[in-house]
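Taken from Swiss-Prot, the feature active site, proton donor/acceptor covers 73, 183, and the record attributes it to sequence analysis. Annotated substrate binding site per Swiss-Prot: 10, 11, 42, 43, 74, 75, 184, 185, in sequence order.
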């Protein structure tokens, strides 16, 4: 048993979609979350800069004595997960492999779509993982650079969001039966995405799939939280406005949280 918290990092608020699922599946675990909102979105940035920013968040989480780190950001996973995993002596999870595996199990037609940030799509990480596991699966990828700014500005239910999602995803409609939400921000737009793609298309939330892997690793390494130890509580950090982060986070997590601003 291990009562240390699990560390989560993201370029902004998107990683909260993973945290929400962890609260549901693993309510006994404690969370330290950092969102680098001041420098979001990561998708258009050069790979080396994304790697540098991700390491800054990792090093911050290590000062909090976390027992595991979850890179709850597809862009950071695509660019930095392998390197970080190899250099740390605690488990490090990314969100790409769990999403790819779930998509393969989901598709009946062998036609999978991936939507993500420009860097995630450019990295080709999802397609490589899917075709390594299922060579006959057809994969189409689409960058959606306007989605993250909509979420970060808390406009998920706006007419702008509906317009942008419709215009962006129209080329994919009718061409696949499974769509990976390849950015942890995108589940916050899920109702609109589902409406555009059609009810028959299965949406894969890579973050939710990742929580299943978290549970497996907690059991494997025997580092589940000890209920007998007093909780230290959850802690949330942002590099931007705590007020803006708190507003979106409480709306999404359906609970009050405390947020601190930090400088990396």
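Each Cβ is built from the backbone N, Cα and C atoms, and glycine gets one as well.
All features noted in Swiss-Prot, drawn onto the structure.
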residue: 10; record: substrate binding site; contacts (Cβ under 8 Å, 6+ apart): 16, 33, 34, 35, 36, 72, 73, 76, 184
residue: 11; record: substrate binding site; contacts (Cβ under 8 Å, 6+ apart): 35, 36, 37, 39, 40, 41, 42, 53, 73, 75, 76, 148
residue: 43; record: substrate binding site; contacts (Cβ under 8 Å, 6+ apart): 75, 116, 117, 118, 119, 120, 143, 145, 148, 183
residue: 74; record: substrate binding site; contacts (Cβ under 8 Å, 6+ apart): 95, 96, 99, 116, 117, 120, 182, 183, 184, 206
residue: 185; record: substrate binding site; contacts (Cβ under 8 Å, 6+ apart): 12, 13, 14, 17, 147, 148, 151, 152
Checklist entry - Other residues with Cβ within 8 Å of the Cβ centroid of 10, 11, 42, 43, 74, 75, 184, 185 at the substrate site? => result 12, 14, 15, 40, 41, 73, 76, 117, 120, 148, 183
Item to check | For the active-site residues 73, 183, the one whose C-beta sees the most other C-beta atoms within 10 angstroms | outcome: 73
Checklist outcome for this item: Per DSSP (three-state), residue 75 (substrate binding site) is helix
Item to check | Number of other Cβ atoms within 10 Å of the Cβ of residue 42 (substrate binding site) across all protein chains | outcome: 27
Checklist entry - 10 Å Cβ neighbour count around residue 184 (substrate binding site)? => result 34
Next on the checklist: Test of understanding: give the count of other CB atoms lying within 10 angstroms of the CB of residue 75 (substrate binding site).
Outcome noted: 35
